[in-house]
Structure formats: structure tokens, C-alpha cells
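Heads up, the thing below is written out as C-alpha cells.
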Amino acid sequence: YPLLPLSDLFAKAVHRAQHLHLVAAETTKDFERKYIPEEQRHSHKSSPSAFCQSETIPAPTGKEDAQQRSDRELLLYSLLLIQSWLNPIQNLSAFRTSDRVYDKLRDLEEGIFALMKTLEDGGSSQGFAWLKFSYERFDGNLSEEALMKNYGLLACFKKDMHKVETYLKVMNCKRFAESNCTV
């Protein structure tokens, strides 16, 4: 991320977050079609195993909540969510393009650091260091248990990338109040 105007940094970060969310959604859908019987798809989403680790952090849960938070908080939560997936994504064989997804996560992480630095935050995430966590690695086994675990992880990845996308869009809209600003 070379020295770009703040509006361009936000635009790039939002675009990358949207792309990652789309990839996560498509991968989850492909995984469902390939491995998960129709009747299990709906029951799994309400089961306790569908719980995502990110739900344990005090991050905003929706657009309205995100609008009440500072840019610093939203950037830190976005960074935390992205970093929690860096390790597990490397092992995701369901992504035929796991290298590219990992690279895109790293790129978005770098973009968020650039935003933090530009916003005079210095890129420090010290205030949230105690919140660090990482998801389990994806299981390469094709047993039913492993498939359901991977399905849950994919659902969490999709949900977390949607959160990052929402946080970045909210910040972009607050700062630049574009007429076509939708979150």
C-alpha cells in the first residue's frame, strides 16, 4: 500500500473485504453441495457446533452497533478477525485456491495497518492483545465428523469476513458520506 489518499485506502480495503466475503460464501456453498446433505445444512446452522470463536469478542454485531464504534475499534476488530484466520486458511483444502485466499487475507491485513497508520493510530493493536485467538485448522479427513467441523469453520469464515466488510463500509460511509453509501 503506497502512500495513497485515505479515500483510496478505504476503497481498496472495502473492495478486498467484499471479495474475501464473496469467496467465503461461494466456497461454503460449493462445500455444502459437495459434502453436506440438504437436511443437515439447515440443522447444522442452529446447532452448538455452529458457534464461532469470534462471537466471544465484544465486536459489534450489526451495522447499527458498528456505527456507534470508533474507527480505531472497528479497525482493531477487523484486524483481529483477519489474523484469526491466517493460520487455518493455509490448511484449507476445500479452497482450491487456499494460497490466493491466504495472500488476500495478508493483503487486507496490510491495508488495515496502512489505514491505522494514516489515521494516526500508528498501527498498534496493543489495546486488544488479550483478545487474540485463532481458529482450529481445517481437517483433511473426509469422515462425517471432519466434514461437519470444516463446514462449521467455513460458515464462521464467511460470517467473519462479512463482519470485516461491514466494519470497513461503515467507516468509509462515516468518513466520506457518499450518496451511494450502502452497508
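Cβ coordinates are placed from backbone N, Cα and C, and glycine is handled just like the others.
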Bonded to Cys156 via a disulfide in Swiss-Prot, from among Cys52, Cys181, is Cys52
Whole-number Å distance separating the Cα atoms of His19 (Zn(2+) binding site) and Cys173 (disulfide bond) is 18
Comparing the Cα of Cys173 (disulfide bond) with the Cα atoms of the recorded positions Cys52, Cys156, Glu165, the shortest distance belongs to Glu165
Here the Cα-Cα span from Glu165 (Zn(2+) binding site) to Cys156 (disulfide bond), rounded to a whole number of angstrom, reaches 14
All chains considered, the count of other Cβ atoms within 10 Å of the Cβ of Glu165 (Zn(2+) binding site) is 24
A correct count of other C-beta atoms within 10 Å of the C-beta of His19 (Zn(2+) binding site) gives 16
